[in-house]
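Q: Found this in TrEMBL, in case it helps:
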TRANSMEM  B:6-24  transmembrane segment
TRANSMEM  B:31-52  transmembrane segment
TRANSMEM  B:58-81  transmembrane segment
TRANSMEM  B:93-112  transmembrane segment
TRANSMEM  B:132-156  transmembrane segment
TRANSMEM  B:187-206  transmembrane segment
TRANSMEM  B:212-229  transmembrane segment
TRANSMEM  B:236-254  transmembrane segment
TRANSMEM  B:260-276  transmembrane segment
Amino acid sequence: MSALIIDDVAVSRGAGPVIQGVSFTLEQGRVTALVGPNGAGKTSLLDGISGVAQISAGTIRIDGTPIEKLSRVARAKQGIVHIEQGRAVFPSLTVRENLSLTARTPAEIDAALARFPELEKRIDAPTALLSGGEQQMVVLARAFAARPRFLLIDEMSLGLAPVVFMRLLPIVSEIAEQGVGVLLVEQFTHLALGLAEEALVVASGQVSFQGPAATLREDASLLHRAYLGGAAA
Amino acid sequence: MLQGALAGLAAGGLYAVLAVCLTLMSRLVRVVNFSQAATGMFGGFVAVWLVTETGVPIWLGSVLGVLLAGVLSGVIGWIAATWLSEADTTTRSAMTVGPLLLLISLSFILFGNKPQPFASIISGPAFTVGGVVISQVTLVTVSLAIVVAVAVRILLTRTAIGTRLRALSERPTTAELLGIPSKPLSIAVWVVTGVISAIAIVVVAPTQSNDAISLAMLIVPAAAAALLGGFKRLDLAVVGGLVLGVLSGLVAQIDEVSLIRNFLPFLFIVVLLLWTQRKEVWDAAR
Ligand SMILES: Nc1ncnc2c1ncn2[C@@H]1O[C@H](COP(=O)(O)OP(=O)(O)OP(=O)(O)O)[C@@H](O)[C@H]1O
Ligand SMILES: [Mg+2]
């Protein structure tokens, strides 16, 4: 089992660091929830890990190998898949074409689709014509077909009806059970904490809680204080 | 009259090939490549120099010239992909004016400012319909335009590499996050369009004004033709090129209006813009 090791990482945008001093280990087969108020720097951290943005301090390693200098493409080849905030589909590509970008064989496309029977009848439709929930299914299926070692998911729930989101969440657990290290950024804090083993709360660019998700599930006031940037653990 | 129009068709085929290349560049690598014709011009001049000064056979000189044009275009693409990968289309397009001017002045320095003694690779009539002669050059350029447009369409819609290129053009960052190598793929697009443009220019150059400026500025009618397809549709880019070629052939025939020949691409652009805005409210659109 490999691990993605984030060590004292900072990400800067324009003026200065928007998130700093982040250290944690993402282990394969586990879900880590990353929560915090709007503008806390969650997306920026994911960008730094996947290479969308350069990190301004710290190191990122997979097992012993530093990857923070690698390009996005090289990091993807290392098994990091980043599902961006919003609907990251290629609108003019059909569902099948979206999946073919990461699946190596038609059998892998079928395997990815098996989790989302809804998509099968829309398989040759341009993804632009799909509903928001269906588009997010395409994105998840595409990420699954990439056979990631580490999967970074940024606010999958954004703009989705709660029932649709509840339908997608168990699939995240299943993906983790297959040996993928999942970092789950989520606004629905309780749902994310319910799913995760580990939790990370960030507030105003700092980590304000880090530890077992169960600790936050059991102590609502701790979560509340961490959101305000208070309790360090 | 008809002969004049058909004489323009050879140039029209050239405009169409260039317009297809411009459309492809705009769609796939977010650039209006002002040096699209200049790289072909320079490759053609080097081909002429190789044939006249070093005595290599015409076919070999032409192949080398076309390959050089592809390499030059690839170098410009490498610059765009390395330093301007996150820049907007405007900045990337403005950058290509640099190589356009550089290649024109370099060809003045190396080859002088006279038209070049291009030897014809193909010449003579292909066939005659109703007493009107269709030249081989016309046949080749028009077919090249159509073949390239059809081949590109098949490539983009039916192949794995085409799917990747479309993904890159729609969401470059997302594509990279899935491990699609944007830099090699976009440089390949530059090289291929550079080669195709150069082939068309080398074929037509013997029968056209072929000084450095005239050839490099083929970009103007080509851009006008590409505009018909909104820099998106390949079929309309071909139609635009052919129509513009026929129109300028016609205009050249009629003494009273032959002067406007040089303004034809400009008129074409103005008419097109007015036509595409015909449904807009006059005040709101302008
Ligand atoms: N491209 C950018 N350029 C400059 N500043 C940025 C950029 N992107 C984000 N920021 C700033 O960085 C800070 C953190 O933003 P980020 O998007 O990482 O937060 P977030 O935790 O993902 O928020 P949300 O929950 O709203 O998605 C914000 O103050 C934001 O204004
Ligand atoms: Mg965010």
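For all residues, glycine too, the Cβ spot is worked out from N, Cα and C.
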Q: Give the nonlocal contacts of the transmembrane segment (B:236-254) in its own chain as ranges (CB under 8 Å, at least six residues past its ends).
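A: Sequence-distant neighbours of the transmembrane segment (B:236-254): 1, 4-20, 22-23, 142, 145-146, 149, 221-222, 224-230, 260-261, 264-265, 268.
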Q: Look over the recorded stretches B:31-52, B:93-112, B:132-156, B:212-229, B:260-276 and say which has the most C-beta pairs under 8 A to the transmembrane segment (B:187-206).
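A: When the Cβ pairs under 8 Å are tallied, B:31-52 comes out ahead.
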Q: Near the transmembrane segment (B:31-52), which residues from the same chain, at least 6 beyond its ends, have a CB less than 8 A from one of its CBs?
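A: For the transmembrane segment (B:31-52), the sequence-distant neighbours (Cβ-Cβ under 8 Å, at least 6 residues beyond its ends) are 18, 21-22, 25, 58, 60-62, 64-70, 72-73, 76, 80, 89, 92-93, 96-97, 99-100, 103-104, 106-107, 110-111, 116-119, 190, 193-194, 197-202, 205, 210, 212, 215-219, 222-223, 231.
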Q: Cβ under 8 Å, sequence separation of at least 6 from the ends of the transmembrane segment (B:260-276): give me the contacting residues as numbers and ranges.
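A: Distant contacts of the transmembrane segment (B:260-276): 220-221, 223-224, 227-228, 240, 244, 247-248, 251-252.
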